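Feature annotations, reproduced from TrEMBL:
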| type | residues | note |
| --- | --- | --- |
| ACT_SITE | H194 | active site, proton acceptor |
| BINDING | D49, N112, V136, G137, N138 | NAD(+) binding site |
| BINDING | R99, R105, N138, R169 | substrate binding site |
| DOMAIN | 13-159 | domain 'Lactate/malate dehydrogenase N-terminal' |
| DOMAIN | 163-337 | domain 'Lactate/malate dehydrogenase C-terminal' |
Amino acid sequence: MTNQPSCAADPIRVLVTGAAGQIAYSLLYSIAKGDVFGKDQPIILVLLDIPPMLPVLDGVVMELQDCALPLLREVIPTDKVELGFKDLDAAILVGSMPRKEGMERKDLLKANVAIFKTQGAALEKYAKKSVRVLVVGNPANTNCLIASKSAPSIPKENFSCLTRLDHNRARSQVAMRCGVPADAVKNVIIWGNHSSTQYPDVHHAMVNVHGKEVEAYNAVKDDSWLKGDFISTVQLRGAAVIKARKLSSAMSAAKAICDHMRDWWFGTLDGEFMSMGVYAGGNSYGIPEDLIYSFPVHIKNKSWNIHDGLPINDFSRAKMDATAAELVEERDTALSFLSQ
């Protein structure tokens, strides 16, 4: 190690669960290359999956080795939580029970409560108390809440779920409609659940048109699209991808995970907020407190704050309340399983 440049930091331990799956396959290279935690941050990648997937995981490990990435110090494949969750700096929980044909939503919830109770308990027992946890596996909001409740000594603020994919979808839809690049659109919001009740909101979004910032409604000039097809397109985009590819979103999900974690690590730009599923306690938007709900957030020094004070019209209010109601119902069902 004496020949390392003086800027070489200690490696951080990053866990990815469901590591033999297709989202992870699109994700691991970006993390190992330095796109998420920084170009001078060495990484120890911990890859957790269920025992039947271990042979596949060995192939993933081989490929990561064959990328010859200078920041990747070690890759640890495992099916054991005591190794998987040990001393973590970041945990990206991608693995979950997928919905099978004919499966009731309640059965899906029950299976996932068991998984995320175990993983929350493992975070509590083995991970650093400063660990940052991103839940991707669906139903992501409720899985995240269960994990957090199962790790009471880790701050609630350290848990989040992924709604950045929905955020990126909304941003891209507006950009395409206006004929501008995606980064010319800022401050779209995803409110609520990562489900088809989520509310993609552009009332506070701005679009850079020919160097001038214009409110999204004035840039798009089509209110009926923004209040209709735009919302349903974003809400149902995951299903549309499955219908077309016969597989769920992987490339775009991995990109959203990278965006979410990078912003959590390095902060959001001044004057911009991003969508993150976070603990609703103390929010100023009248959302029930004991939920993981997607809000617009600013991030600084690895801490997020909900962006307060946005005016909410009646149209938005009804949609924000509808997705909250679904989350309350999910939470209550999940908690009944948790106590069994």
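If you go along the chain as it appears here, the first residue is 1 and each next one adds 1.
Even glycines carry a Cβ here, placed using N, Cα and C.
Cα of R99 (substrate binding site) to Cα of G137 (NAD(+) binding site): a distance of 11 Å. Looking at the residues that bind substrate per the record, R99, R105, N138, R169, the two CA atoms farthest apart are separated by 25 Å.
All protein chains considered, the CB of the residue listed as 'active site, proton acceptor' has 29 other CB atoms within 10 Å. The recorded positions shown are R105, R169, H194; of these, the one with its CA atom nearest the CA of N138 (NAD(+) binding site) is H194.
Helix, strand and coil content of the domain 'Lactate/malate dehydrogenase N-terminal' (13-159), in residues and according to DSSP, is 67 helix, 27 strand, 53 coil. Counting other Cβ atoms within 10 Å of each Cβ, the lowest count among the binding-site residues N112, N138 belongs to N138. Each of the binding-site residues R99, V136 was scored by the number of other CB atoms within 10 Å of its CB, and the largest score is that of V136. When Cα-Cα distances from N112 (NAD(+) binding site) are compared across the recorded positions R105, R169, H194, the shortest belongs to R105. Here the C-alpha separation of the residue listed as 'active site, proton acceptor' and V136 (NAD(+) binding site) works out to 10 Å.
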